[in-house]
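Straight from TrEMBL, the features:
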type: DOMAIN; residues: 120-256; note: domain 'Peptidase S54 rhomboid'
type: TRANSMEM; residues: 48-68; note: transmembrane segment
type: TRANSMEM; residues: 130-152; note: transmembrane segment
type: TRANSMEM; residues: 159-180; note: transmembrane segment
type: TRANSMEM; residues: 186-204; note: transmembrane segment
type: TRANSMEM; residues: 216-236; note: transmembrane segment
type: TRANSMEM; residues: 242-261; note: transmembrane segment
type: TRANSMEM; residues: 291-316; note: transmembrane segment
Amino acid sequence: MEVPTEPKTTQIDEISHNLSFTTSNAGDSSWDKISFFRHRSRQIKRDTWLVSVFVLLQIVLFAVTMGVNDCSRNSHGHCAAKLLGRFSFQPLSENPMLGPSASTLEHMGGLSWNTLTENHEIWRILTSPWLHSGLFHLFINLGSLIFVGIYMEQQFGPLRIAVIYLLSGIMGSLFAVLFVRNISSISSGAAFFGLIGAMLSALAKNWNLYTGKISALVIIFTIFTVNILIGFLPFIDNFANIGGFISGFLLGFVLLFKPQLRQMPPSHKGKLFEDDMNRSTRLKDQFDRPVLRIICLVVFCGMLAGVLLAACWGVNLNRHCHWCRYVDCVPTKRWSCSDMTTSCEAMVSDAQLTLTCMANGKFRIFPYTNISQARTQDLCTLVCS
């Protein structure tokens, strides 16, 4: 009697499974598609120490800035949040972002036309990207940096993100110098806008790899718009944000290779062949589109050299573009977008200081007299606005 034998399909199925998997991996692009903003559990497991260092450093610098500001002493207690003592904020009429005075921002390394052209303090280009105009600005900027920076660092690694972040901050500061006014301004958003630009270029470059692209574009546009609107407030430079965004967009095409896709499931057959194929595919992905990278690198280097030379020569584009100031400022009753140097006549009587603006005749009485010249200029700007 013949014993019926079962069809031996196990090995055949396993081989066909491996063949179909290898074919899909090599030829079908849909197999490799991933969501641009993946769920946290599906993201690449990498440390995000770089973003943590940047966030911690900027928080410490803001605390140091508020300590140097010392509103309780320099403004004689005319401060917001007086319970904070030395770290209390300037009045909202002077700084609506809950932060220091203009003279403190300038002392800590903010940008202003006089310090750059007359004193030749070029080092401010390196310090300005790390300052914040106030507590609101700090929270919004760092919140956006954490959301974007952690994602970018997980996808592309800390080294390239650090290069984009730092170079975008420098480029943004140089770009701001071309439009800088006599009022102190900071360019802390430039480095963050560089990451936004790099994220957009990464999405455009690897468009076929991602799903949910429209949602990703909406998120990028929303973050961009919110931070641009904040740039219309005092002390925040929108020109630096624009320069940082352009810089990050170009550097994204130069430095950001194809992101790491999901891990391949383990196979039992042909592992050596698959490893060789995956390695060659990764090398091909890293060196794809060399012409586009070269063009973007040349454009970035040319723009960097151009703004650097213009900054050294003291070029002020506000003299040739009278409407450009409104890209960075919206005039209101609380502040003005005028680039005129403010001057006031000071009169002291009965422990009171009266400042009268020489431009419009406005005056204001302050219940103290013993203040520094820099602080007097802050109050003069407030009176003339």
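For all residues, glycine too, the Cβ spot is worked out from N, Cα and C.
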Cβ-based contact of the transmembrane segment (130-152) with the transmembrane segment (291-316), 3 or more pairs under 8 Å: no
What same-chain residues lie close to the transmembrane segment (48-68): Cβ under 8 Å, and 6 or more beyond its ends? 86-87, 89, 99-100, 104-105, 107-108, 130-132, 135, 138, 141-142, 145-146, 149-150, 153-154, 158, 161-162, 165, 188
What parts of the chain pack near the transmembrane segment (291-316), using Cβ distances under 8 Å and only residues at least 6 beyond its ends? 113, 116-117, 122, 125, 171, 174-175, 177-180, 205, 243, 246-247, 250-251, 253-254
Report the DSSP secondary-structure composition of the domain 'Peptidase S54 rhomboid' (120-256) as helix, strand and coil residue counts. 106 helix, 5 strand, 26 coil
Counting only residues at least 6 beyond its ends, the same-chain positions whose CB falls under 8 A of a CB in the transmembrane segment (216-236) are 36-37, 95-97, 99, 102, 105, 110, 133-134, 137, 140-141, 144, 147-148, 183-186, 188-189, 192-193, 196, 199-200, 203, 210, 245, 328-330, 335
For the domain 'Peptidase S54 rhomboid' (120-256), the mean pLDDT of the predicted model: 87
